[in-house]
Amino acid sequence: MEAGEEPLLLAELKPGRPHQFDWKSSCETWSVAFSPDGSWFAWSQGHCIVKLIPWPLEEQFIPKGFEAKSRSSKNDTKGRGSPKEKTLDCGQIVWGLAFSPWPSPPSRKLWARHHPPGPDASCLILATGLNDGQIKIWEVQTGLLLLNLSGHQDVVRDLSFTPSGSLILVSASRDKTLRIWDLNKHGKQIQVLSGHLQWVYCCSISPDCSMLCSAAGEKSVFLWSMRSYTLIRKLEGHQSSVVSCDFSPDSALLVTASYDTNVIMWDPYTGERLRSLHHAQLEPPMDDSDVHISSLRSVCFSPEGLYLATVADDRLLRIWALELKTPIAFAPMTNGLCCTFFPHGGVIATGTRDGHVQFWTAPRVLSSLKHLCRKALRSFLTTYQVLALPIPKKMKEFLTYRTL
């Protein structure tokens, strides 16, 4: 879609019928994820099942005239034929999903049991967070279970790998803790982060691997150091539970979404609140319904950092341009729970309470040279380092996103 056009529904995947009398399962799609190279899509379709689907989708799912570009969709076949869809039976309701960066560095300790040693050993893995507090680690290419991580005492709600490829995994749980795991050391638990008073809903690691953000159904958001695993600061500003968070691709911005119907854009380095995006209802309610009808469920940045997507309980997927205070596009979406962008742009995947996944067109734009320069600089300069540069004030304001 061009900027300003309404998102089009490209495809919808629906789970098969649930197992009869399987009272332990539920059908919600709490999490969806693309692999960082764009060659796989993971879908927690409910009923304890995760589907691993090669991307782009097969032709029967996609309307004519649309081609989902994936630069490396065939990179992982290595002469063994096209990758096949896989079904992972996790044995428990699946809440969180996360792919490792691709390709991950060779790790003989993690999968030596399944792979003969070889100079090109590399492995794309998927972590799944389960209802019983377990985290299961799977090899994507084969569907083999590699590790089972134990430590959490309640639902593992979200998972995040460090983008650097170090195979450090962060998990967020209803037991009110975050835990840090090193998959290169047999999944050793290396840290427990405590301090939240409510269930931890979401965790996000900054692309420069310096910070971790966690949202725990409280009005404040916690920012942690990924170097020392200590609390840097709390971000105060929301009026209700914060349930989702995401860093911009250059690590210069953090967005948080709350049941208070607002997204707040922060400077994570200074803790400043840069902007609020309010989710106003398009139409007044027909009756005296719950005031939280616009409660937010999920927020995410687009891969080039110029757009946001949000999913709210008012049955809308919204797309926002970074510099505007109102959405540029809406799509009707019932019972939405989560959203994520395709890593090469152009597509948004959303998951619903009914166990469905929907794929929508997302804005395709060429980033301006100004934005590309800002993104390149902010990928390695903190806000304080930018402010110390001997450059004009207006340039500093642009580089620190103070012109929003």
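The first residue you see is number 1, and the count goes up from there.
Every residue gets a Cβ built from N, Cα and C, even glycine.
According to TrEMBL, the domain 'SOCS box' annotation covers 368-404. Among the features that TrEMBL reports, region 'Disordered' is placed at 68-87. Feature annotation from TrEMBL assigns repeat 'WD' to 126-148, 149-184, 193-234, 235-276, 289-323.
Outside the domain 'SOCS box' (368-404), and at least 6 residues removed from its termini, the chain residues within Cβ reach (under 8 Å) are 207-208, 249-253, 265, 267, 269-270, 274-275, 304-306, 322-323.
As a summary of secondary structure, the repeat 'WD' (289-323) carries 4 helix, 18 strand, 13 coil according to DSSP. Secondary structure of the domain 'SOCS box' (368-404), assigned with DSSP and counted as helix (H, G, I), strand (E, B) and coil, comes to 22 helix, 0 strand, 15 coil.
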